[in-house]
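Straight from TrEMBL, the features:
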type     : residues : note
REGION   : 1-32     : region 'Disordered'
COMPBIAS : 1-11     : compositional bias 'Basic and acidic residues'
DOMAIN   : 63-506   : domain 'Major facilitator superfamily (MFS) profile'
TRANSMEM : 111-133  : transmembrane segment
TRANSMEM : 145-165  : transmembrane segment
TRANSMEM : 171-193  : transmembrane segment
TRANSMEM : 205-228  : transmembrane segment
TRANSMEM : 234-255  : transmembrane segment
TRANSMEM : 320-346  : transmembrane segment
TRANSMEM : 358-378  : transmembrane segment
TRANSMEM : 385-408  : transmembrane segment
TRANSMEM : 414-440  : transmembrane segment
TRANSMEM : 452-473  : transmembrane segment
TRANSMEM : 479-499  : transmembrane segment
Amino acid sequence: MEAENKDEKPKNLAVAEDGSTPQEKPAATDNDATHSNAAAKLMKDTANGANKAGFNGRLAFAIAAAALGSAFQHGYNTGVVNAPQKLIEEWISEVQRDRTGEVPSQANVTFIFSLAVSLFCVGGMLGGCITGLVADKFGRKGGLLINNVLVFAAAILMGAAKAAGSYEMLILGRFLIGINSGLNAGLAPMYLAEIAPVHLRGAVGTVYQLVITISILLSQLFGLGSILGTPNMWPLLLSLTLLPAVFQLATLPICPESPKFTLLNSGKELEAQRGLTWLRGTIEVHDEMEEMRSEYEASKLVPKVTMKELFVNSALRSPLIICVMVMIAQQLSGINAVMFFSTKIFKMAQLTDDHAQLATLAMGTMNVIMTVISLFLVEKAGRKTLLLVGFSGMCIDTILLAICLKYASEALWISYFSIVLVIFFVIMFATGPGSIPWFLVSELFNQSARPAATSLAVCVNWTANFIVGIGFLPLQELMGGNVFFVFAILLALFVLFVLKKVPETKNKTMEEISSMFRQQSYQ
């Protein structure tokens with residue numbers, strides 16, 4: 001019966017595969033508007049029905065190929081240098097002593113290590129800045145594949161640094177893997193958002209953050225002294241970042257380029273339809289193709305969006321401000337501060353070093369579990385709701401944590417309660433603020449504006465990450481546990497911003513979202 005109903009679509013809606021209309025529309029009637037509305041409703045209902053069957057093995061394969069090979073670099077290289085820090089600093093000291101014949105000061109050694117750590121963020125900022133150029137020139141899939149050249153170079157440099165007795169190789173390797181991670185942070189969420197059906201866009205977009213949390217946990221696990229966190233094995237620990245690149249190079253070429261990029265940027269309709277058919281596992285893709293054709297025709301009427309246009313055009317400026325603010329909110333939420341203080345909190349609760357390490361791993365595991373849960377919640381509760389719940393919970397948590405740190409020495413139960421607050425903070429972060437900013441930028445912009453907007457948003461995220469990394473320690477030394485009151489104030493402001501400015505994009509098409517911002521700009 002369903003197949004028969006599909007064949008009864010009005011003939012004026014039929015579109016041939018080459019984009020031409022086989023029959024002219026009948027002459028206008030008095031009920032034209034009514035018929036038009038009914039046709040539009042029919043198209044949307046049919047599209048929704050088709051989309052509900054959108055998840056299949058091929059789409060899952062494409063998601064894994066894109067996310068595992070890209071987000072892994074971002075997460076793994078964020079956390080991999082934490083566990084072997086002492087070992088790397090001792091090696092840097094040895095190298096300098098061999099070169100100069102004098103024992104270097106601890107401040108000098110710390111500076112070199114800090115340079116290696118911070119250049120990862122600087123590379124991320126640079127990678128974010130060029131995301132738009134790479135996405136437009138090579139495509140989303142093409143950009144991800146080419147980006148793996150940087151992984152091979154970085155893995156060789158970091159893996160061979162100890163054997164060569166050159167900490168400069170380590171520093172350069174960290175910078176290159178940073179550029180790679182910055183590009184991945186823009187290209188992968190863009191590709192995932194463009195290949196996902198409308199009703200799965202949020203869940204598929206969350207996969208990027210999920211892989212980040214898993215890879216951070218793996219870096220902590222592999223960095224244990226009983227595994228690869230040893231004086232001889234830490235170079236291997238750093239060069240393991242090569243494996244996801246090999247996986248991506250073996251799997252992603254099998255997947256199609258983003259059908260939206262193929263049609264809207266390259267104008268290859270037949271190739272776009274073939275790609276969409278592969279991703280959906282069905283030839284019933286006419287409604288999605290029709291939506292993309294409409295966006296393609298509309299994009300012809302407007303010039304290519306430049307960085308200047310993002311700031312000048314009010315219909316683009318509003319979503320840009322939202323994306324940038326949400327990216328800043330993610331980094332200035334205090335997640336790095338909580339992670340930093342977690343070791344101190346665990347020691348205040350009189351945990352041994354081994355138990356403190358296990359508690360840190362448990363915290364990472366909780367982050368993974370909650371990100372998996374948010375993957376399902378994001379399509380049920382919506383983006384705005386999860387951002388509000390996450391930032392509000394973190395705001396309350398940081399206030400309580402600041403108070404607990406002040407009085408922790410007076411009673412042991414306060415230290416234990418602090419551990420609960422740390423875990424709760426991670427849960428709230430993983431609920432929405434950790435994952436949603438990465439794909440929200442792809443949802444708020446149409447195809448022509450998406451690369452430029454993604455470049456700016458990702459660059460801002462890495463810049464905020466760098467500022468927090470540089471500025472947090474001096475602030476913490478000045479304020480102690482009271483630093484959490486600063487984050488509480490910031491979180492309260494972020495809650496207000498999300499409440500007032502961030503729209504709900506769940507189950508909305510790109511055209512509906514763009515139309516919403518156009519209407520706001522006219523008011």
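The backbone N, Cα and C atoms fix where each Cβ goes, glycine too.
Note on the transmembrane segment (452-473): residues 117-118, 121-122, 124-125, 127-133, 135, 182, 185-186, 189-190, 305-307, 309-310, 316, 319-320, 323-324, 327-328, 330-332, 336-337, 340, 437, 441-442, 444-445, 483 of its chain, located 6 or more positions outside it, place their CB under 8 angstroms from a CB of the stretch.
Beyond its flanks by at least six residues, the transmembrane segment (111-133) meets 77-78, 81, 85, 88-89, 92, 143, 167, 170-171, 174-187, 190, 451-452, 454-455, 457-463, 465-466, 469-470 of its own chain at Cβ-Cβ distances under 8 Å. Per-residue confidence over the domain 'Major facilitator superfamily (MFS) profile' (63-506) averages 91 (mean pLDDT, predicted model). Contact between the transmembrane segment (385-408) and the transmembrane segment (234-255) is not supported: fewer than 3 Cβ pairs lie under 8 Å, counting only residues 6 or more apart in sequence. When Cβ distances are compared across the two stretches, the transmembrane segment (479-499) makes contact with the transmembrane segment (320-346), since 3 or more pairs at least 6 residues apart fall below 8 angstroms.
Beyond the transmembrane segment (358-378), the same-chain residues lying 6 or more positions past its ends with a Cβ under 8 Å from any Cβ of the stretch are 202-203, 205-207, 209-210, 213-214, 216-217, 220-221, 339, 342-343, 346, 351, 386, 419, 422-423, 426-427, 429-432, 434-436, 506. A Cβ distance under 8 Å defines the sequence-distant neighbours of the transmembrane segment (234-255), meaning residues of its chain 6+ beyond its ends; these are 58, 61-62, 64-66, 68-70, 72-73, 76-77, 80-81, 84, 87-88, 141, 144-145, 148, 151-152, 154-156, 158-163, 170, 173, 177, 222-223, 228, 278-279. Between the transmembrane segment (414-440) and the transmembrane segment (145-165), the number of CB pairs under 8 angstroms, six or more residues apart, is fewer than three, so the stretches are not in contact.
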